[in-house]
Amino acid sequence: MEILLIFLLALVIDMVFGDPPNAFHPVAYMGKVISLFERAGFKGGKGYQFVYGIVMVIFTMALFFVPVYFLLDWLQGINSIVYIIVSAILFKMCFTVTGLRKAALLIKRLLEKDDIAQARFELRSLVSRDTSKLPQPKLVAAAVESVAESIGDGFVAPLFFFLIFGVPGVMAYRVVSTFDSMVGYRGKYEYLGKFAARFDDVLNFIPARLSALCILVASFFGRYSPAGAWRIMWRDHGKTQSPNAGWPMATAAGALEVCLEKVGHYSLGDDIRPLLPQTISCSLVLINNAGCIWVLISVGVIYFARIA
């Protein structure tokens, strides 16, 4: 029963309060630790950087996993209510729904006002690509891509690892995800971030595909195309550089009947409907419904695991 209460309370906290300020957010501190360790990672050659990257990931995972594990174990033995509340707060900090929704809706409102310059600026908080010259359709596409991809690593994956490993496990997952977002790139971080990038790919392998299935089911509710979601999911999921990101993005593109293109990298879906500011709202409804489906599945897993 405790795990179900933690799960549901964390969702309520997200809906009511959203994301906490960076001063209280563990992901912000993960980023600071990574930046601190990163400086010493370039002192040697390729082999040194690769090994250093492995040690850096494992050490940082332990740095957040171990204190959280013992803190919650101690609280559980003292007061179950305090244990549930603290666990829910920590768990909520490992996933995001409300914050992304607000950011996407802000971009939609700016585009509706034809404030392209400000929309480009705000979009930088959602994507890593250069937004300075993107026209409106590409801005919409980038926002929709971010919304679709986020359900995988931002919601389904944290809940998935919570069900298996509890709050400490989600913290460890979030460390790897943060590493990947900061150093999991080619070029400068080719060897330093290689382990983090591959580890993140492995951890998100199942959640990414589960998120695509949730989007597919959600496409049956509303003015979406389930047939398109199914077809594009299988046709285009492998077009992205990431082995995981393409699954939810391609499925969403098919359901929305739009083409999501990152110029020079990939093109997902067919250009059946135009990319309009309203498309962002449609994508949010689709992804929210997919998230609700995953919540129902998770609650079912918790319930049947309890009575088994």
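The backbone N, Cα and C atoms fix where each Cβ goes, and this holds for glycine too.
Among the features that Swiss-Prot reports, transmembrane segment is placed at 1-21 (among others), with the record citing sequence analysis.
The annotation transmembrane segment is assigned in Swiss-Prot to 50-70 (among others) on the grounds of sequence analysis. Beyond the transmembrane segment (50-70), the same-chain residues lying 6 or more positions past its ends with a Cβ under 8 Å from any Cβ of the stretch are 26, 30, 33-34, 37-38, 40-41, 44, 90, 167-169, 171-172, 174-176, 179, 183, 191-196, 199.
Through the fold, the transmembrane segment (71-91) approaches residues 2, 5-7, 9-10, 13, 26, 158, 162, 166-168, 170-171 of its own chain, all at least 6 residues removed from its boundaries and within a Cβ separation under 8 Å. What Swiss-Prot records for 71-91 (among others) is transmembrane segment.
Feature annotation from Swiss-Prot assigns transmembrane segment to 151-171 (among others).
Listed as Cβ neighbours of the transmembrane segment (202-222) (distance under 8 Å, sequence separation of 6 or more from its ends, same chain) are residues 148, 151-153, 155-157, 160-161, 173, 176-177, 228-230, 233, 237, 243-245, 247-248, 250-252, 254-255, 282, 285-287, 289-294, 297. Annotation comment: Swiss-Prot describes 202-222 (among others) as transmembrane segment.
Per Swiss-Prot, transmembrane segment is recorded for 284-304 (among others), and the stated evidence type is sequence analysis.
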Intrachain neighbours beyond the transmembrane segment (284-304), with Cβ under 8 angstroms and 6 or more residues off its ends: 3-4, 7-8, 11, 97, 101, 104-105, 147-148, 150-151, 155-156, 159, 163, 210-211, 214-215, 217-219, 221-222, 224, 252, 255-256
